[in-house]
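Read through the structure below, which is laid out as structure tokens, and then see the notes.
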Amino acid sequence: NLLQFNRMIKLETKKNAVPFYAFYGCYCGWGGQGQPKDATDRCCFEHDCCYGKLTKCNTKSDLYSYSSKYGFLLCGKGTWCEEQICECDRIAATCLRRSLDTYKLKYMFYLDSYCKGPSEKC
């Protein structure tokens, strides 16, 4: 669920999802359109795509099992949906960590009105 995703982001990046990622670029936070602005925004775009494939799952509310060992996030056993949601979140949190060196403050509270044009396909 979203709280677990927030904790994963915090474990990986040492930053809270709010405010650092909740309104970042065109894809971090709710929805999205246009082109991802940078590597961080691309992580969020890919996360949206990952969730988009899980149409039969409650991606924002289903609880799943995960742990952190030796600095790596590990998804635990659960229902198919729980495991898939966890993997989407784990991959995104890891992606956000890898993108920390290109994080731009100017995209932190980016206005949706700047996200124009066609969206990429997943």
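Including glycine, each Cβ sits where the backbone N, Cα and C put it.
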Per Swiss-Prot, the disulfide partner of Cys95, chosen from Cys28, Cys43, Cys44: Cys43
Among Cys81, Cys86, cysteine joined to Cys75 by disulfide in Swiss-Prot: Cys86
Cys122 - recorded disulfide partner, Swiss-Prot, among Cys26, Cys28, Cys44, Cys49: Cys49
Cross-link partner of Cys44 (disulfide, per Swiss-Prot) out of Cys26, Cys28, Cys81: Cys28
Disulfide-bonded cysteine for Cys50 as listed in Swiss-Prot, from Cys88, Cys115: Cys88
Listed co-binder of Ca(2+) (same site as Tyr27, Gly29, Gly31, source Swiss-Prot) among Asp38, Asp48: Asp48
Closest of Cys26, Cys88, Cys122 to His47 (active site), Cα positions, disulfide-bonded residues only: Cys88
Local backbone state of Cys75 (disulfide bond), from DSSP in three classes: strand
Neighbouring C-beta atoms (10 Å sphere around the C-beta of Cys50 (disulfide bond)): 18
Pairwise Cα distance for Asp48 (Ca(2+) binding site)/Cys28 (disulfide bond) [Å, integer]: 9
